[in-house]
Amino acid sequence: MSPQTETKASVGFKAGVKDYKLTYYTPDYETKDTDILAAFRVTPQPGVPPEEAGAAVAAESSTGTWTTVWTDGLTSLDRYKGRCYHIEPVAGEENQYIAYVAYPLDLFEEGSVTNMFTSIVGNVFGFKALRALRLEDLRIPTAYVKTFQGPPHGIQVERDKLNKYGRPLLGCTIKPKLGLSAKNYGRAVYECLRGGLDFTKDDENVNSQPFMRWRDRFLFCTEALYKAQTETGEIKGHYLNATAGTCEEMIKRAVFARELGVPIVMHDYLTGGFTANTSLAHYCRDNGLLLHIHRAMHAVIDRQKNHGIHFRVLAKALRMSGGDHIHSGTVVGKLEGERDITLGFVDLLRDDFIEKDRSRGIYFTQDWVSLPGVLPVASGGIHVWHMPALTEIFGDDSVLQFGGGTLGHPWGNAPGAVANRVALEACVQARNEGRDLAREGNEIIRKACKWSRELAAACEVWKEIKFEFEAMDTL
């Protein structure tokens, strides 16, 4: 050991354990434009002051550990440590606090969502001093945003590729999600696309199982979409799920999709992992493929109100990692999603600049600078009666995806697709004429039934179907 190192390590070092708040709670700190800011919902254990809990989060997710170490003297902790700079109680909740933590940008590898999450949430959630912990939001500084490619193409490029403007895009998840042969699967794809849908979709757990290997599915689905394109004169797509057990296999499937000439592939970004997702997004940018993202496993992470990671954080991470579509909930369907909160992270996916708005769960102003936007996908328990609400809630830049709401039509798959397309076109026309979809939606759909027997049959089947449960994800 050099004399210089010996001196630096020994000066001011005192072994032992000290409160985190002595080093990591800094209420006078002024945040920098280059800091990554985090808002944590903290539930301390009984007897743990909120300042100590917030400081513990800052410490354990940056430079700290449970005891003083002599190697602290070999670096500048003031430069690299996370800081809990503000704590506020959560209204209406006992012993819950929002702890705001600032992280210096030098703590994170450029262009790596994997490293960002490993640092911020990788270890601290198991900390014994905390009864529960939830990451509510992140502010990503523009200096860090610029290190990411982001979505392979973005909203405008996708519309130009598809030559479709002025309305939401329509999709359908093929059901049953498991058990069909590749040929029968392709038949369902063809019928739905021929009936008027823009996309059909592999479900998230369709990979390469014994009953339907991936290569067979890719071939039959490609044949189906080319046939549907020829008959309708519209560009069609099927989300070919490239998710696989290894990154190499995933890329091999994406390469085959590109060779077939299809416009879009798909990935399960949470189960597949951020490193795999970013790799696939880069491949898609370089090779002209759109990338549809499914959020399988998200509710394991985001559904509990006081522990986990809110989906708005996972949505931001996906925009950085890369994807042109992502499932975002429906507000009106069978899956969790409160309206204001859902629209908050939908804006975080689509818009360039989003102001802080606590009424929608947005804790920080976010500037995405030149990062392309992501189309939100509304999917899960929706049908033709939901079309006015979906059109009003999500607007044109969205994908409305009806699985059972297409394939469950009493006359078959193609009539189910026709019903959805007619309902959508009726809602878009009514909106463009200045009508209020929220108030007049049912009337608009009933009137359209006069011109479409397929829509009338769908309306009759699903007239009593509702999913009226209280949302758990509330402010």
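Cβ atoms here come from the backbone N, Cα and C positions, even for glycine.
Per Swiss-Prot, the features are:
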MOD_RES   Pro3  N-acetylproline
MOD_RES   Lys14  N6,N6,N6-trimethyllysine
ACT_SITE  Lys175  active site, proton acceptor
MOD_RES   Lys201  N6-carboxylysine
BINDING   Lys201, Asp203, Glu204  Mg(2+) binding site
ACT_SITE  His294  active site, proton acceptor
SITE      Lys334  site 'Transition state stabilizer'
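Each residue in Thr173, Ile174, Lys177, Asp202, Asn205, Val206, Tyr239, Asn241, Met266, His294 lies on the same chain as Lys201, Asp203, Glu204 and has a C-beta within 8 Å of the C-beta centroid of that Mg(2+) site, without being one of the site residues.
Non-local neighbourhood of Glu204 (Mg(2+) binding site): Asn241, Thr243, Asp268, Thr271, His294, Ala296, each in the same chain, at least six residues away, with C-beta under 8 Å from its C-beta.
Around Lys201 (N6-carboxylysine), the same-chain residues at least 6 positions away in sequence with a Cβ under 8 Å from its Cβ are Gly171, Cys172, Thr173, Ile174, His238, Tyr239, Met266, His292, Gln401, Gly403. Other Cβ atoms within 10 Å of the Cβ of Asp203 (Mg(2+) binding site) number 19 in total over all chains. The active-site residues considered are Lys175, His294; of these, Lys175 has the fewest other C-beta atoms within 10 angstroms of its C-beta. Asp203 (Mg(2+) binding site) carries neither a helix nor a strand DSSP state and counts as coil.
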